[in-house]
Amino acid sequence: MLLFDQTFGRPDVLHYPRDVSDSVEVLISSESVPAYAHPGDAGADLTAAESVELQPGERSTVGTGVSIALPDGYVAFVVPRSGLASKHGITVVNSPGTVDAGYRGEIRVTLLNTDSSVAYSVAVGDRIAQLVVMPVSRARFIPVQKLPGSDRGDKGFGSTGYSATKSGDIA
Ligand SMILES: O=c1ccn([C@H]2C[C@H](O)[C@@H](COP(=O)(O)OP(=O)(O)OP(=O)(O)O)O2)c(=O)[nH]1
């Protein structure tokens, strides 16, 4: 079996996922460019282009002022920021929001305040979500009469249980 470091850089071997340091050029039309906070970060922060007050349990779609043109074969996912989620209960309703390569409109973020009692204010320029750009495959769906067997088969939705020590039990 070939190890990752033995094949890395060989043009005849496709590595997926690619190393996060592999960069891809994305055309952007925006006042502010999403920034990666640290080297190696997967997500570039998206900021709010408008202010909004989210009451407890309320959602709102917030503009970022950012429009991009991804190369074909790429997708960008709009995902929540962990700090906003854990400190304030702010999440992205449709996470991950999917930005298609052909989309040229403004990227908008549908935020939800999951806190049951505290409102959350978003000001212009606040970092509200992050954008993860990834290569993506398109499937060629091939209809068959019967799917090949597998170890999991049709078992899903908690079929392996929840406790690490009681694998197989349905908790
Ligand atoms: O969080 C998101 C998700 C999507 N989009 C943009 C980019 C995407 O390409 C477009 C359509 O998104 P999606 O395909 O998820 O929406 P849909 O409800 O399926 O609409 P459509 O019928 O236009 O595909 O909206 C955003 O700005 N933010």
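Our numbering is plain: 1 for the first residue shown, then up by one each step along the chain.
Cβ from N, Cα, C; glycine included.
Taking the domain 'dUTPase-like' (33-161) as a whole, pLDDT averages 97 in the prediction. Taken from TrEMBL, the feature domain 'dUTPase-like' covers 33-161.
Under 8 Å, Cβ to Cβ, and six or more positions away along its own chain, Thr98 (substrate binding site) finds Val75, Ala76, Phe77, Val78. Among the features that TrEMBL reports, substrate binding site is placed at Arg81, Ser82, Gly83, Asn94, Thr98, Val99, Asp100.
Feature annotation from TrEMBL assigns region 'Disordered' to 152-171.
Residues or ranges marked as compositional bias 'Polar residues' in TrEMBL: 160-171.
For ligand 1, the neighbouring binding-site residues among Gly83, Thr98, Asp100 are Thr98, Asp100, by Cβ distance under 6 Å. Summary: among the binding-site residues (Ser82, Asn94), the fewest other C-beta atoms within 10 A of the C-beta are counted at Ser82. Under the DSSP three-state reduction, Asp100 (substrate binding site) is assigned to coil, being neither helix nor strand.
Summarising the substrate site geometry, the residues cited as binding it (Arg81, Ser82, Gly83, Asn94, Thr98, Val99, Asp100) extend over a maximum Cα to Cα distance of 26 Å.
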